[in-house]
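J.: I grabbed these lines from TrEMBL:
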{"type": "BINDING", "residues": "A:HIS92, A:HIS130", "note": "Fe cation binding site"}
{"type": "BINDING", "residues": "A:CYS98, A:CYS101, A:CYS138, A:CYS141", "note": "Zn(2+) binding site"}
There are 2 protein chains.
Amino acid sequence: MENLKEKFKRKLAENNYKLTKQREVILGTILGNKNWHFTAEDLFAAVKKKDQDIGMATIYRTLELMQNLKIINVHDFNEDSRIYELYSEESHHHHLICKKCGKLVEFSDQDIDYLESELEAKYDFKVTEHKLRFYGYCRDCK
Amino acid sequence: MENLKEKFKRKLAENNYKLTKQREVILGTILGNKNWHFTAEDLFAAVKKKDQDIGMATIYRTLELMQNLKIINVHDFNEDSRIYELYSEESHHHHLICKKCGKLVEFSDQDIDYLESELEAKYDFKVTEHKLRFYGYCRDCK
DNA sequence: ATATGTGCAAATAATTTGCATGTCA
DNA sequence: TGACATGCAAATTATTTGCACATAT
């Protein structure tokens with residue numbers, strides 16, 4: 001089975017993008033941390049350890065590229081900075097967010113797909129995705 | 001029954017805030033547009049028509065105040081600027097968002113409360129609220 | 001009278017962009 | 001080689017803040 005690194009390289013090639021050292025380091029960093037939810041700043045810091053000379057603009061540009069290639073996903077949990085994570089196309093998953101410490105828990109999709117069809121019919125929309133979030137306080141903060 | 005304007009005035013008084021002309025104009029503007037989803041900029045423009053001298057900072061400060069008093073609600077639908085609306089405490093409602101033109105449709109809560117209890121037990125969280133959003137393309141954009 | 005609120009302009013902070021230079025295919 | 005990428009610094013944009021002045025209670 002094709003792994004994520006290969007997949008990324010293939011997608012780059014297919015879309016006429018070049019495989020640069022920076023893009024490789026960035027991808028490696030993202031893949032290296034299982035279940036990582038990170039900001040652009042987080043990624044920048046992590047990547048800097050491997051490549052001293054990388055610039056913030058490259059981080060942003062690569063994040064945007066990866067979104068387009070469906071390698072990663074963006075969330076706007078808090079209004080200050082965006083949070084990214086590896087894209088998972090198989091199973092939707094949603095989030096439980098602590099309003100105090102920002103802790104994130106993922107849980108898998110609980111079949112609210114039936115709602116999609118209802119909404120599509122009722123409002124004449126073509127629904128492509130949904131996001132479900134629960135906000136509250138975690139064990140330590142409640 | 002107490003209307004929203006009275007409610008606002010009462011909450012201000014209860015919390016030792018003053019009822020200024022600016023706050024009144026801002027509230028009036030928000031109440032004047034049924035089902036309005038607005039940005040700070042939208043509100044600023046609308047309020048300027050009634051009070052030429054109001055400053056943007058006052059808009060932001062009043063919006064924050066109104067959030068604290070649960071007069072309005074904030075959303076982070078897109079990552080560029082926040083969207084506000086009148087607070088509704090009785091019935092949760094959720095959104096259907098067109099990814100192309102930004103059109104918003106509201107729909108009422110479809111009892112996903114049972115999920116809340118499950119999550120609370122499973123992850124030891126105290127859940128206080130949730131947001132459910134469907135993204136897609138509206139009639140005109142699909 | 002005085003604590004609060006306002007307007008303005010300047011400060012922040014995240015993200016984007018222009019441009020000269022470097023590098024992959 | 002030449003189109004695409006990068007790094008840097010400057011630009012942008014939404015929002016916040018400091019401060020002198022104004023106003024509701």
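Including glycine, each Cβ sits where the backbone N, Cα and C put it.
Unlike curated entries, TrEMBL annotations are predicted automatically.
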J.: Which one is it: of the binding-site residues A:CYS98, A:CYS101, A:CYS138, which Cβ has the fewest other Cβ atoms within 10 Å in this structure?
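T.: Per-residue Cβ counts within 10 Å for the binding-site residues A:CYS98, A:CYS101, A:CYS138 bottom out at A:CYS101.
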J.: What are the sequence-distant neighbours of A:HIS130 (Fe cation binding site), meaning same chain, six or more residues apart, C-beta distance under 8 angstroms?
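T.: Listed in sequence order: A:HIS92, A:ILE112, A:GLU116.
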J.: For the Zn(2+) site (A:CYS98, A:CYS101, A:CYS138, A:CYS141), what does the 8 A shell look like? I mean other same-chain residues with CB within 8 A of the CB centroid.
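T.: Once A:CYS98, A:CYS101, A:CYS138, A:CYS141 are set aside, the remaining close residues are A:LYS99, A:LYS100, A:GLY102, A:LYS103, A:TYR137, A:ARG139, A:ASP140, A:LYS142.
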J.: Please report the number of other Cβ atoms within 10 Å of the Cβ of A:CYS141 (Zn(2+) binding site).
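T.: A:CYS141 (Zn(2+) binding site): 14 neighbouring Cβ atoms within 10 Å.
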J.: When C-beta separations to chain B are restricted to under 8 angstroms, which of the binding-site residues A:HIS92, A:CYS98, A:HIS130, A:CYS138 qualify?
T.: A:CYS98, A:HIS130, A:CYS138
J.: Look up A:CYS141 (Zn(2+) binding site) in the DSSP assignment and report helix, strand or coil.
T.: coil
